[in-house]
Amino acid sequence: MTKYKLEYIWLDATRPYQTLRGKTQIKEFDAFPTLEQLPLWGFDGSSTLQAEGRTSDCVLKPVTVYPDPVRTNGALVMCEVMMPDAETPHASNTRATVLDDEGAWFGFEQEYFFYKNGRPLGFPEQGYPAPQGPYYTGVGYKNVGDVARQIVEEHLDICLAAGINHEGINAEVAKGQWEFQIFGKGSKKAADEVCVARYLLVRLTEKYGIDVEFHCKPLGDTDWNGSGMHANFSTAYLREVGGQDYFEALMAAFEKNLHDHINVYGPDNHLRLTGKHETAPWDKFSYGVADRGASIRVPHSFVNNAYPGYLEDRRANSQGDPYQMLLSS
């Protein structure tokens, strides 16, 4: 029997943005544990805004497990939060509301800033660095510094070793801003892996004395890009059949549900979706071929192939709850 370090990970009830929590327990197994072998576990919900002190117990229900490459005999256990009966989903548990669909494919582009001492990494103590332009996909110390690339490369390796379907990294438009991409076949798979990848990034930066800032517009009303979580999506029908009529009907449905979508695409999105910095205004729906200033970007390949394929919803922001985004798509 081997002692395994099980890191149980969940989303708390902090508002307006649910943050990730984690705690470790040790259990013995003959081999790396399967999901079915992982026990339920309790936690103090009064300290995560998920319960009151007089009835503080909440339950963690494992829903997926990955190897933890950072720890010897470690496991990363993504969990849903349940009520004390272990059967009723907690009100903050948005994952439980998602019907899994193996034909639904999602690719999330998670943007974020590195912060140190309250400012984006690479910014001077006062004022701003040179304007945007050289930083996107940039190389060289003056564009990306030294420690940022070290972190994103290490995060990439950790995710791949954990079995997360991490598809790539790049420096983003603003200095100190980066992106990673996660793809999943199946609604819940993609969202689970985004959450675990976020957790791994935040945990990794601890040893560098650096924070990860997921707010969508941390630099406010300035000439610096905000952070999104663009969602590339398709269904089996959209990939295999599609067609212009179906596409136009789909866009009409998206326009009709504009405000419902914006409500779950992350807090403070009005600060980011201004019509500037590669965004569409938050209160207007639009789509266009290769248009990064539209709500929905339509790839050239989609039109050239007679309208089967995938689409990109550019409105979701970097603090978006991926489970709620699945419900809106």
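Cβ atoms here come from the backbone N, Cα and C positions, even for glycine.
Copied over from Swiss-Prot, here are the features:
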type    : residues                       : note
DOMAIN  : 4-86                           : domain 'GS beta-grasp'
DOMAIN  : 89-329                         : domain 'GS catalytic'
BINDING : Glu109, Glu111, Glu172, Glu179 : Mg(2+) binding site
BINDING : Glu167                         : ATP binding site
BINDING : Glu278                         : L-glutamate binding site
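Positions of Swiss-Prot features highlighted on the structure.
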{"residue": "Glu109", "record": "Mg(2+) binding site", "DSSP (3 states)": "strand"}
{"residue": "Glu167", "record": "ATP binding site", "DSSP (3 states)": "strand"}
{"residue": "Glu172", "record": "Mg(2+) binding site", "DSSP (3 states)": "coil"}
{"residue": "Glu179", "record": "Mg(2+) binding site", "DSSP (3 states)": "strand"}
{"residue": "Glu278", "record": "L-glutamate binding site", "DSSP (3 states)": "coil"}
Worksheet item: 10 Å Cβ neighbour count around Glu172 (Mg(2+) binding site)?
Response: 22
Fill in: the domain 'GS beta-grasp' (4-86): DSSP-derived helix, strand, coil residue counts
6 helix, 44 strand, 33 coil
Discussion item. With every protein chain in view, what's the tally of Cβ atoms within 10 Å of the Cβ of the residue listed as 'ATP binding site', excluding that atom itself?
Written reply: 14
Discussion item. Given a separation of at least six residues and a C-beta threshold under 8 Å, show me what packs close to Glu111 (Mg(2+) binding site) in the same chain.
Written reply: Glu172, Gln177, Trp178, Glu179, Ser227, Gly228, Met229, Ser318
Practice prompt. Count the other Cβ atoms sitting within 10 Å of the Cβ of Glu109 (Mg(2+) binding site), across every protein chain shown.
Written response: 22
Worksheet item: Of these binding-site residues, Glu179, Glu278, which scores lowest on Cβ atoms within 10 Å?
Response: Glu278
Worksheet entry | Extra residues within 8 Å (Cβ to Cβ centroid of Glu109, Glu111, Glu172, Glu179), Mg(2+) | Gln110, Tyr112, Asn170, Gln177, Trp178, Phe180, Gln181, Ser227, Gly228, Met229, His230, Ser318
Discussion item. For the domain 'GS catalytic' (89-329), report the average pLDDT of the model, please.
Written reply: 96
Practice prompt. Round to the nearest Å and give the CA-to-CA distance linking Glu167 (ATP binding site) with Glu109 (Mg(2+) binding site).
Written response: 9
Worksheet item: What is the separation, in Å, between the Cα atoms of Glu109 (Mg(2+) binding site) and Glu278 (L-glutamate binding site)?
Response: 14
